[in-house]
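Pulled from TrEMBL:
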- 30-44: compositional bias 'Basic residues' (COMPBIAS)
- 45-60: compositional bias 'Basic and acidic residues' (COMPBIAS)
- 30-60: region 'Disordered' (REGION)
Amino acid sequence: MNPMNLSRRRSPLALPFNKLHSRTSLRNHLQRRKSKSIRKRMKRLRSDMQEISREQGKIKEGQRQVREKFEAVESECELLRKETNIIMQQSMNTQLRLAFMFQILKARENHDLDQAAKLTSALRLFSTHNS
């Protein structure tokens, strides 16, 4: 046997140094690989978070627009309710005037001029009150 080979084999520093060096090198390599993988995942997560944030912004904008449209429809509905009530009131007043007029005509037809005068006075009072 070669004495050089023997000394290498028996040297307490020879084997552990090589193992230590290879373990350290392997560990560093694995750590770099792991950190690279983590950086890639973090980058992907950041981009996903940005995309989600943009989508949430679009959703909020859509909700705001829907809310504005809903409020406009509610306002329009309230306005239509008020107009409908006014029209109903006017229609009732017209019906009452027509009823007065019809009774006046009937009273005149029956030659009940006193009743016709009372009804005419009531119609004038009603018309001035509701105008």
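Glycine too: its Cβ is placed from the backbone N, Cα and C atoms.
TrEMBL: automatically predicted annotations, no manual curation.
Bear in mind that the values here come from a model prediction, so they are computed numbers and not experimental data.
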(message) Quick check on the compositional bias 'Basic and acidic residues' (45-60): DSSP residue counts for helix, strand, coil, in that order please.
(response) 16 helix, 0 strand, 0 coil
(request) Provide the three-state DSSP residue tally for the compositional bias 'Basic residues' (30-44): helix first, then strand, then coil. (result) 15 helix, 0 strand, 0 coil
